[in-house]
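Asks: Supplied in structure tokens, the structure appears directly below.
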Amino acid sequence: MTDLAAAFRARFGAEPRLFRAPGRINIIGEHTDYSEGFVLPAAIDRWCVVAAAPNGLGRLRVVSQTFGQEVEADLATLTPRGDWTDYVAGPAKTLLEAGLPIVGADLLIASDVPVGAGVSSSAALQVAVTRALLALSGVEADGVQVALWTRASENRFVGMPCGIMDSFASANGVEGGALMLDCRSLDATPATLPEGASFLLINSMVSHRLVGGEYRQRREDCEAAARTLDVPTLRDVAQGDLPAALRKLSGDPAKRCRHVVTENARVGRAVTAMAAGDLAALGDLMNQSHASLRDDMEVSLPVVDQLAAIAQATPGVHGARLMGGGFGGCVIALVDTAAVEAVQAAIVAAYGAVIGEVPDAFACRAVAGASEVFA
């Protein structure tokens with residue numbers, strides 16, 4: 001971060017403040033947040049860092065080291081461009097529409113959150129930018145409000161109909177733990193990660209882009225099922241009521257309903273397993289989640305299924321599943337900490353032979369959410 005501050009001074013001739021926001025994993029609870037369900041994310045030690053200073057120009061001047069690009073935009077005329085800049089302009093526009101006195105700013109952005117891997121690089125960028133703009137403008141806000149603003153930015157400005165989970169985890173993560181988040185009430189309960197276990201991410205090397213039809217269609221299917229069942233969202237269908245609900249549904253809405261209801265139940269059981277240190281039970285729930293994402297939510301791909309199967313069959317792995325919105329991205333595996341290096345090498349070799357290239361893989365630890373960084 002010292003290098004980022006020096007680069008900022010060289011480019012803009014001012015002393016910056018530094019803000020960072022983490023990527024996230026989701027242990028379980030996928031495609032449930034936009035149905036106001038339950039999720040179990042953790043912020044991870046991959047960061048988007050923003051060096052920022054006010055410029056007094058009423059405009060944003062933005063340099064991205066990640067994309068090697070520089071852009072400028074007036075705060076009064078921010079419009080979507082359909083690229084990475086929307087994740088900077090969107091938060092600014094959202095804060096302005098909320099009536100906040102956002103000032104023009106120079107921003108230099110760097111990130112080691114993998115893009116397109118399902119670890120919420122876009123949420124990390126938006127949360128970091130939001131934190132920077134709020135601080136430069138003298139506006140205080142808690143992490144819940146930051147998550148609401150960044151979710152609104154992605155929904156309305158970027159055009160991605162996502163739920164609250166990604167932004168919430170990035171803004172509110174807890175050191176060493178996960179958050180069981182109720183996506184309706186936004187109540188978040190810390191959940192301690194099991195002793196002796198680590199989470200390993202393996203990139204399928206299929207980069208997903210969720211702005212588009214497939215993700216939107218899944219949400220529309222869930223909303224159609226809720227309308228048929230005359231409930232606000234599928235969150236309101238209890239697992240015991242699922243057989244009766246499925247008799248009223250057919251086709252894709254029925255499958256989506258089954259996934260959301262059973263996945264919500266799995267989140268609760270996962271928290272219980274974590275509290276008991278029952279890695280076998282937690283891993284089995286993750287395997288069940290993958291099968292449901294594959295068969296009922298239909299957001300996996302054959303090559304991702306191969307990766308999940310390879311991970312699930314590797315000694316030292318308790319369970320593995322597709323993580324994120326789907327159609328590519330990462331598989332998350334629950335691994336004995338003592339075996340992480342051996343497991344990573346085995347999965348990388350086996351899956352690499354399938355795809356003909358070496359996949360990215362890394363273990364991660366849970367960290368606190370977004371903050372200003374002080375030297």
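Our numbering is plain: 1 for the first residue shown, then up by one each step along the chain.
Including glycine, each Cβ sits where the backbone N, Cα and C put it.
Dumping what TrEMBL says about this protein:
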DOMAIN    7-54  domain 'Galactokinase N-terminal'
DOMAIN    88-173  domain 'GHMP kinase N-terminal'
DOMAIN    271-351  domain 'GHMP kinase C-terminal'
Asks: What is the number of residues in the domain 'GHMP kinase N-terminal' (88-173) that are helix, strand and coil, as DSSP sees it?
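Replies: The composition, in the requested order, is 50 helix, 7 strand, 29 coil.
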Asks: On the 0 to 100 scale, where does the mean pLDDT of the domain 'Galactokinase N-terminal' (7-54) fall?
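Replies: Its mean pLDDT is 97.
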Asks: What does the DSSP secondary structure composition of the domain 'Galactokinase N-terminal' (7-54) look like, as residue counts for helix, strand and coil?
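Replies: Computed counts for the domain 'Galactokinase N-terminal' (7-54) are 9 helix, 26 strand, 13 coil.
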